[in-house]
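Listed in TrEMBL for this protein:
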DOMAIN    1-80  domain 'Rapsyn myristoylation/linker region N-terminal'
REPEAT    123-156  repeat 'TPR'
Amino acid sequence: MGQDQTKQQIEKGLQLYQSNQTEKALQVWMKVLEKSSDLMGRFRVLGCLVTAHSEMGRYKEMLKFAVVQIDTARELEDADFLLESYLNLARSNEKLCEFHKTISYCKTCLGLPGTRAGAQLGGQVSLSMGNAFLGLSVFQKALESFEKALRYAHNNDDAMLECRVCCSLGSFYAQVKDYEKALFFPCKAAELVNDYGKGWSLKYRAMSQYHMAVAYRLLGHLGSAMECCEESMKIALQHGDRPLQALCLLCFADIHRSRGDLELSQLKLHCLSESIYRSKGLQRELRAHVVRFHECVEETELYCGLCGESIGEKNSRLQALPCSHIFHLRWGLLGGWTGVGKVSAGHSRAQLA
């Protein structure tokens, strides 16, 4: 496969990936990897594979391609390519919670002579190192690394890097229990997305919304937390970002636990899991969560006392009697119960999704 054909196939894969046809994009890139003898093209496609597997939560695959990319960079005998591949190796180990290895590879990046470490990639190396220190609960070094990454972002007008650093700082301050700052930095990230993110991946908006949700929950603003988490989950589902989906599920559970509505948290967990497995075509797992959803409905007795249909299967409006019995609003209107307080179908499956 020649250089031009390799380039065309890589671009084809990128177009498929950006249109959420991830598996087709991976197939295209793997064919390039198998057939192309162009080292530059192979290096680039390996970078695409590293990024794609990272966003899909396939961290062992991510690590595998990062190792192959280092070998390719050595064949190219280019210090900048070697720096980029070591950074991908550091990120892979960060995702696998191998934080000591992450720090070691980041130090290797910063020690490579004659590279872009002082400009384009230096801030990303510092960010990865900060995330690793945070994972190890070495808070002072984590903060130093994040502040260094932030300086790189400001000095190089790198709004995307600044957005990522702000999300990490949000996580940092949440862990040290400064909840006002834990909210401030993700809000700053969201502002950057609104101001500069027209051509960015939606993952930046999704991550900022997720970190805002965490901070709002810790501050007790549960309504705002739910809105942000729902927005983040919507994007994560749309783009097949499984790691973010998992984080959102945990955040939803924490929000419902804070509210004290534990039954609803189970319903939401199974309903969202159902959506995830349906998008992946995993029928066995899908069926298990459908069954569990209906079991939860039965356990919480979410049935209309008049028509006998389950409450939560469809998006509907409910009416509550003073005795706490709940039924579908259409029966309330027919029966004349117009003075009773109306509530939205909080257990509506459509809203849960």
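Glycine is treated like the rest: Cβ placed from N, Cα and C.
Proximity of distant same-chain residues to the repeat 'TPR' (123-156), defined by a Cβ-Cβ separation under 8 Å and at least 6 residues beyond the stretch ends, is recorded for 87, 90-91, 94, 97, 99-100, 102-103, 106-107, 109-110, 117, 162, 164-165, 168-169, 171-172, 175-176.
Broken down by DSSP into helix, strand and coil, the domain 'Rapsyn myristoylation/linker region N-terminal' (1-80) contains 67 helix, 0 strand, 13 coil. Secondary structure of the repeat 'TPR' (123-156) per DSSP, as helix, strand and coil residue counts: 30 helix, 0 strand, 4 coil.
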